[in-house]
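Summarising the annotation, TrEMBL assigns compositional bias 'Basic and acidic residues' to 19-32. Feature annotation from TrEMBL assigns region 'Disordered' to 1-32. Under the heading transmembrane segment, TrEMBL lists 80-99, 108-131, 171-191, 197-216, 281-301, 313-336.
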């Protein structure tokens with residue numbers, strides 16, 4: 001996620017400062033909302049992020065596909081099914097990134113929840129290679145849509161709180177993955193639960209996640225395309241205001257063309273920033289290496305130690321250990337003084 005540099009509001013939120021005089025002008029929504037409201041929204045968002053990660057069958061998808069339940073060959077999983085995830089993720093990442101801000105986050109989060117449900121329906125009911133490829137396609141959508149959750153937090157708080165609130169939301173997600181992995185590993189090792197049963201449990205949790213998504217409040221503003229009206233209302237101006245001066249908008253008429261043009265101008269403006277180009281390059285190497293490791297290492301584990309007894313599969317334990325470390329690091333990052341320009 002690229003966090004733009006937004007000028008802090010010229011006036012504080014409600015409860016922090018009083019205007020010198022009442023000039024009769026209408027205050028923006030950001031000043032009339034009680035100070036506690038954003039805290040409740042952040043809490044619910046973190047709770048949502050935690051609960052939507054409870055998918056105890058996720059760590060065991062590869063042994064599930066290679067096991068007796070689905071009985072796909074290792075060549076099919078490695079060379080035919082898995083690559084669909086990589087290329088579908090690459091294909092939908094940029095469109096979803098642009099739509100996330102334009103649609104103000106919530107519709108993309110609903111799409112992510114529906115894709116999660118589709119994944120586990122296909123895992124439970126699908127029997128063909130084509131069904132598993134479609135499952136991986138939906139997996140690519142859910143991965144690309146993660147940016148909606150990551151950026152949602154920035155529509156709720158002032159820029160001065162970005163770093164700490166982002167660490168909270170990220171920690172909530174990783175703690176959810178940790179809990180999910182531990183739950184899955186305990187069910188496999190101690191409860192002798194089958195992979196299929198774990199997938200049914202995961203389907204129930206992702207269905208609950210869709211319900212939670214529906215109760216998320218759709219923000220009135222976002223970082224780029226949904227700017228608050230009025231130049232002097234004290235709201236944080238979007239980067240697009242500084243990049244595309246003179247854009248008066250076309251109203252309902254020609255909205256498709258206007259939206260597309262604004263998106264293209266935004267991408268072009270961002271691409272001209274040297275620091276952002278460098279940051280994006282590092283992000284590409286980081287994410288590509290991480291996902292290659294994450295999804296293909298399960299096949300390597302099965303090659304080293306073929307799955308004969310489900311109780312001897314420790315994928316969930318490994319995922320739990322790594323995400324617990326990540327959650328701690330993410331939480332600590334919110335309290336570290338960072339020179340972002342450096």
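Using the three backbone atoms N, Cα and C, a Cβ is placed for every residue, glycine included.
Bear in mind that TrEMBL entries carry predicted annotations, made automatically and left uncurated.
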* To do: Could you check if the transmembrane segment (108-131) is in contact with the transmembrane segment (197-216), meaning 3+ Cβ pairs under 8 Å among residue pairs at least 6 apart in sequence?
  => yes
* Chain residues in Cβ proximity to the transmembrane segment (313-336) (below 8 Å; excluding those fewer than six residues from its ends, i.e. six or more beyond) -> 56, 59-60, 62-63, 163-168, 170-171, 174-175, 177-178, 181-185, 188-189, 298, 301, 307
* Asked: Looking at the transmembrane segment (80-99) and the transmembrane segment (197-216), are there 3+ C-beta pairs under 8 A, with each pair at least 6 apart in sequence?
  -> no
